[in-house]
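Summarising the annotation, TrEMBL assigns ATP binding site to GLY140, GLU141, SER142, GLY143, ALA144, GLY145, LYS146, THR147. Residues or ranges marked as domain 'Myosin motor' by TrEMBL: 47-317.
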Amino acid sequence: MRERVACGVWRVACGVWRVACGVPVVDASRSQAPLDMEGALTARGRVGIQDFVLLEETSEAAFLSNLRKRFSRDLIYTYIGTLLVSVNPYKQLDVYSHALMDVYKGVNFFELPPHIYALADNAYHTMLTELNNHFILISGESGAGKTEASKKILQYYAVSCPSTSLLHSVRDKILMSNPVLEAFGNAKTLKNDNSSRFGKYMDIQFDSQGDAVGGHVLNYLLEKSRVVHQNHGERNFHIFYQLLEGGEEQLLHRLGLERGGQRYAYLRQVRELRGIRHKLADKVTRRTLERGDFRLLHYAGEVTYCVVGEDLRATQR
């Protein structure tokens with residue numbers, strides 16, 4: 001990716017594919033501020049080794065043992081040289097904040113404990129130094145935390161890059177796209193209640209001074225078949241449930257829809273799940289919904305086809 005976008009303009013791109021997280025980050029020799037994730041635990045026997053390359057035994061068993069040891073201490077990030085391994089903790093951890101972003105801002109690559117912020121910062125400053133494009137590839141199993149990792153990278157750039165009105169505009173548009181893309185492209189699977197069912201490529205463009213000058217989000221490989229069929233225990237895309245259970249009465253009336261997903265064939269293939277809030281993601285999602293035509297999908301779902309003699313006829317379910 002050495003192609004120049006425009007005169008004096010380069011970019012950091014973040015690609016999120018359908019598969020936990022790969023990229024470079026850090027060591028813990030210097031501490032400008034206390035880091036809760038690593039704390040005072042420095043003994044290898046208790047917290048493991050921060051870089052798998054330093055393991056004395058290079059085997060799968062040693063790898064998993066070190067990973068398990070760190071995970072038990074809520075240390076979800078570990079290096080493999082210039083790669084970052086991330087394990088989804090499936091709980092909230094106090095390892096993300098503006099204060100921590102400031103700690104990682106501008107430090108040498110391996111100076112601090114492994115973290116997604118170090119990866120983002122390294123890509124940004126290397127881009128400015130080498131004046132070429134840099135690509136962050138995030139891959140892993142479903143539910144590994146790929147989408148959240150991409151969000152953390154965007155949030156880091158939004159806070160740490162030079163603050164300009166254009167940056168705020170680029171940041172807001174890209175961050176605002178996440179709820180919309182998740183509403184229309186995410187669904188519950190057996191492993192993940194918010195699984196991305198599409199690929200996403202995010203591109204942020206910077207000038208030679210490091211100021212953001214543009215960006216775009218590209219989505220592809222949407223699992224379209226999920227609209228009409230879901231495997232046992234899985235659900236349709238979030239947007240249908242959000243619309244029917246969280247949409248305003250006036251909106252539903254205008255679209256000719258009735259509240260409750262169990263009324264529609266495409267949504268009643270799985271029983272209702274408790275504890276999931278079906279509200280529209282934000283004003284952007286609602287404005288998108290107002291463009292409508294979702295009722296056509298639901299109405300189409302109520303139609304079956306049968307052959308009578310030589311004629312193909314449609315009947316309502």
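Every residue gets a Cβ built from N, Cα and C, even glycine.
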Secondary-structure category, per DSSP, in which LYS146 (ATP binding site) falls: helix
Lowest local Cβ density among SER142, LYS146, which the record lists as binding-site residues, within 10 Å: SER142
Protein Cβ atoms within 10 Å of THR147 (ATP binding site), excluding its own: 21
Local confidence of the domain 'Myosin motor' (47-317) - pLDDT mean: 81
